[in-house]
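I have placed the structure first, in the form of structure tokens, so that the comments after it can refer back to it.
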Amino acid sequence: MLIYGLGFAATTLTSWHLLVTFCSLHVALWMKLFEHKPFDARAVMGFGILNGISIGLLNLSLGFNSVGFYQMTKLAIIPCTVLLETLFFRKKFSRNIQLSLAILLLGVGIATVTDLQLNILGSILSLLAVVTTCIAQIMTNTIQKKFKVSSTQLLYQSCPYQALTLFIIGPFLDGLLTNKNVFAFKYTPQVLFFIVLSCLISVSVNFSTFLVIGKTSPVTYQVLGHLKTCLVLAFGYVLLHDPFSWRNILGILIAVVGMVIYSYYCTVESQQQKASEVSPQLPQVIPCVVVFLLMNYSPQIVKCDPSFTD
């Protein structure tokens, strides 16, 4: 509503979202709802700046491309993430997982992608947006595991750098995309109301993003993002009576099938991994138990007197 209905600047608004998120987390820290855990400052700064740049590039991609091509850009994030994690982190994705992701992307593509108008500048911006977004989401997961920090602790420390990056580049990008000066915008009570509302909602959105990526994986987070897209389309048709076609219905059904298959095989492989981590310990435990039993419960040897006769 605020961006598409009232024409407000998206990138600058995102910087305000992050600033409010940081302030909210600072209050939570003051109330001792979580513990502040400082770690590598350069890693936090680089991560925060990269996140801010990726958001700016996604907005530029939307501004210089058609909606259909922008949807293709979002679909490309999953295979790009799989490729980067395979090459640099030696992470293995089974064929079942790859097949389920392919079905999911096919369904979302059928449901959302319409026109594909290509241009050189838009394609370059989309490529940069995909790569930076993938790296930022992979870093969200790896930093939490490497430094043993929670999603709240990472978000609290990286928020200022993200907000500052977007606040610096935001007015320029928004002016380029909308031909409007964000500081000369007419801030009516309606605009202010939606700005405050969006900032409050963004706190839970930013927190849930870091939480999901940290607890699961960047790929799973993108799968949930596409589920959100399908739900938005479905609710828009049911509640708002948006125009819908057989193509949208078919795409959503295929996407849901892909999500179900992905969830199933993720659960199965997770259980198999836990079982494999326990099984190597059994050969070490069993000999120890046997030795313990022999030492403590072996029958005493009775020596017979040679002179004893019936």
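Here the Cβ of each residue, glycine as well, is placed from N, Cα and C on the backbone.
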| Pick from 96-114, 286-304: which range has transmembrane segment per TrEMBL? | 96-114
| query | Do the transmembrane segment (43-62) and the transmembrane segment (221-240) share at least 3 Cβ pairs under 8 Å, sequence separation 6 or more? | reply | no
| Do any residues of this chain, six or more beyond the ends of the transmembrane segment (246-265), have a C-beta under 8 angstroms from a C-beta of it, and if so which? | 94, 96-97, 99-112, 223, 226-227, 230, 233-234, 237
| said: I need to check the long-range neighbours of the transmembrane segment (221-240): which residues 6 or more away from its ends have a CB within less than 8 Å of a CB in the stretch? | reply: 74-75, 77-78, 81, 101, 104-105, 107-108, 111-112, 137, 209, 212-213, 248, 252, 255-256, 259, 262
| field | Folded-back contacts onto the transmembrane segment (6-31), same chain, C-beta under 8 angstroms, at least six residues removed | value | 52, 55-56, 59, 152, 155-156, 159-160, 162-167, 169-171, 173-175, 177-178, 180, 182, 185, 190-191, 194-195, 198-200, 202-203, 206-207
| query | Sequence-remote contacts (6 or more beyond its ends) of the transmembrane segment (154-173), Cβ cut-off under 8 Å? | reply | 9, 11-16, 18-19, 21-22, 25-26, 29, 34, 36, 38-39, 44-45, 47-49, 51-53, 55-56, 59-60, 140, 143-144, 181-183, 206-207, 210, 214
